[in-house]
Amino acid sequence: MQLLQRQQAALCLVILCLTEEQDLVKELLAMSARDRTRAIRDLPMSFEEKKHISIKSARQTLELWQGIMKEIGGKFGSSVLSYFVFLKWLLMFNIFSFLVNFGFITIPLLVYDPSPNIPPNVSFRGLELLSGAGYFTYTVMYYGGYSNATTVGQVEYDMQLAYFFTIAVYMVLCGIALIFSMASSFRQNYVLADSVSDSAWQLLCSWDFRVTNERAVRQRRNNLRVQLKESLSEKDQEELLTLSEKLRHYGVHFGSWLLSTGLAVGCGASIYYLYTENWSLSQEAETLLVPFVVSLMNLAIPLFYSLFNKFEHYSSQRRQIYTLVVRNVFLRLVILAVLCYYWMNVVAEKFSCWESMVGQALYRLVIFDFLFLMLGSFFGEFLSNVIGTRLLPSLGVPEFDVARNVLDLIYAQTLAWIGIYFSPLLPAIQILKFFLLFYLKKVSLIQNCQPPRRSGRAAQMRTIFIFLLFFPFFVGALSVVAYTAWTLSPSEQCGPFRGLNSTFTVVEVWMTDLEGLSDSQWVVWIYQHVIRSELFYFLVTLIIIVIIYIFWQVTKGRQELIRLLRQQIINVS
């Protein structure tokens, strides 16, 4: 019994220390540099603890867009802030992707062959910036611009193996990063979330009287006001409805779901019809039609979904956001499924260098998606603000649609993942796109939108966003890349895998070469008895399931222990 009490006390102390340290860092970030230094000096801590706090606060101060994030969170709340945090996270993802691809695939090729093999009659005309074709076709932007040779110099560099393993390792690292991000976010926002601290404790005990800077005081007051508003709104007030009112609400929900599903299926059918109308993919102007229509659908249909909120009734903002997310997810999945089906089954059979054609199609989708995101900010937020303030004051100032904007980001990142095989430098376009998009959305938010009238605490929403990014979008993109590598035949006239039956054949050829080397027999044995063994993947899957179950039970046990500790604190007080 005494051992259990000591364990409970230790766990409670750890949780309180982590919470206090996070709160302290947040308070320090709100101060000026002079006040922050004075506050750290006056802390009742040892020198090592002060140094740890100082380094942590300095590191967060140097983070990209830290000041802008605090401004947005203080004025619009965590629901809106979660979008910008997610955007920043995806930007870092693409920076890593670009560095990996450029370092292991593009730079070795440019060192070996610095001048692209561009025909004399091809020149840059400017339309390539939209179409991705023409001059760009013969550069390292696409799959067809890479060689299948082994560079000979001080070090031999096999371009086939480098291309395959760079893409494979990158996708594996992305999956691991997403899983760890989901686990960390779930632990922070579900396991260790303190529901008690979101009520009267915030009002009575959370103010730091060491904050003396006027700007820091004003920002801290705004943050506290928004947090209290969100905490109160999280408690759903179940309304007592009559049977007729309930039936009316259920009927409106059913009709909205039926209409949204029909619109998504209709969009997919329309895209397939456009592709099957014998449009010439070799004519640059005609290639712009499909990405234009796809981007127009991604802009107009979610705006139409948002109008359903005028008729549907939800007891909390979170349920309303999740409903919009599910509808938008289904719309994007239908569109991407139709596009991938056409690329894998039609383009791969009709064109000699089909990988580059698919890369160009993805490039156009990325460019048009960015252009229509700018139009969405104009039509969805600026015009709504003008109409609501000047023409129809009853509509009021628009709110920032978190669900629609987050799904736009997830869709854009999915395009980059699918295109990583067909256009290795596509992440460079994504970096520029996300960087500009952050400032575009920030200006549009501050100038055109108002804080949510029905605030909802969104710390847990980031976990949902990462989960959606992982499944179904990352898993779907990984499936497309894997299907391309294992099943489809590479082009015979271009690319690093020309002349092979499939992309994965390069590994089999490499294993055949290693069989003649006595020092590499262990690699061949692992490939033949582990990598190609169904039993190995069955055991790995079984072990993962067991580990997940164990951690799930540990999580439930910790949640119950935390609940009991809080109840003991209440009883003692």
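A Cβ is built for glycine as well, from the same backbone N, Cα and C atoms used for every other residue.
Within the same chain, residues 140, 146-147, 149, 151, 153, 157, 159, 162-163, 166, 169-170, 174, 177, 181, 409, 412-413, 416, 420, 424-425, 427-428, 430-431, 434-435, 438 sit at least 6 positions outside the transmembrane segment (89-112) and bring their C-beta atoms closer than 8 Å to a C-beta of that stretch. Per TrEMBL, transmembrane segment is recorded for 89-112 (among others).
Residues annotated as transmembrane segment in TrEMBL: 132-149 (among others).
Per TrEMBL, transmembrane segment is recorded for 161-183 (among others). Residues 89, 93, 97, 100-101, 104-105, 108, 146, 417, 420-421, 424, 463, 466-467, 469-470, 474, 478, 481, 485, 496-497, 503-504, 506-507, 510 of the same chain lie 6+ residues outside the transmembrane segment (161-183) yet bring a C-beta within less than 8 angstroms of a C-beta in it.
The transmembrane segment feature in TrEMBL is assigned to 254-275 (among others). Counting only same-chain residues 6+ beyond the ends of the transmembrane segment (254-275), those with a CB under 8 A from a CB of the stretch are 289-290, 293-294, 297, 301, 304-305, 308, 311-312, 327, 330-331, 334-335, 337-339, 341-342, 346.
According to TrEMBL, the transmembrane segment annotation covers 287-308 (among others). Taking Cβ pairs closer than 8 Å, the transmembrane segment (287-308) reaches residues 130-131, 133, 256, 260, 263-264, 267, 270-271, 274-275, 279, 281, 324, 327-328, 331-332, 335, 339, 360-361, 364-365, 367-369, 371-373, 375-376, 379-380, 401, 404, 407-408, 411 in its own chain, all 6 or more past its ends.
Per TrEMBL, transmembrane segment is recorded for 320-344 (among others). Panel annotation: around the transmembrane segment (320-344), residues 79, 257, 260-261, 263-265, 267-269, 271-272, 275, 294, 297-298, 301-302, 305-306, 309, 312, 314, 358, 361, 365, 401-404, 406-407, 410-411, 414, 418, 456, 461, 464, 468, 472-473, 476, 480, 483-484, 488 of the same chain, lying at least six beyond its termini, place a Cβ under 8 Å from a Cβ of the stretch.
Here the domain 'TMC' (353-459) returns a mean pLDDT of 86 for the predicted model. What TrEMBL lists as domain 'TMC' is 353-459.
Among the features that TrEMBL reports, transmembrane segment is placed at 365-387 (among others).
Annotation comment: TrEMBL describes 415-440 (among others) as transmembrane segment.
What TrEMBL lists as transmembrane segment is 461-486 (among others). Within the chain, the transmembrane segment (461-486) has long-range Cβ neighbours (under 8 A, six or more residues past its boundaries) at 79, 82, 85-86, 164, 167, 171, 174-175, 178-179, 181-182, 185-186, 189-190, 318, 321-322, 325, 329, 332-333, 336, 340, 344, 402, 406-407, 410-411, 413-414, 417-418, 420-421, 502-504.
As annotated by TrEMBL, transmembrane segment applies to 535-554 (among others).
The list of residues near the transmembrane segment (132-149) in space but at least 6 beyond its ends in sequence, with Cβ under 8 angstroms from a Cβ of it, reads 105-106, 109-110, 112-113, 116-119, 122-125, 159-160, 163, 284, 287, 353, 355-356, 359-360, 363-364, 367, 421-425, 491, 494-499. With DSSP classes pooled into helix, strand and coil, the tally for the domain 'TMC' (353-459) is 78 helix, 2 strand, 27 coil.
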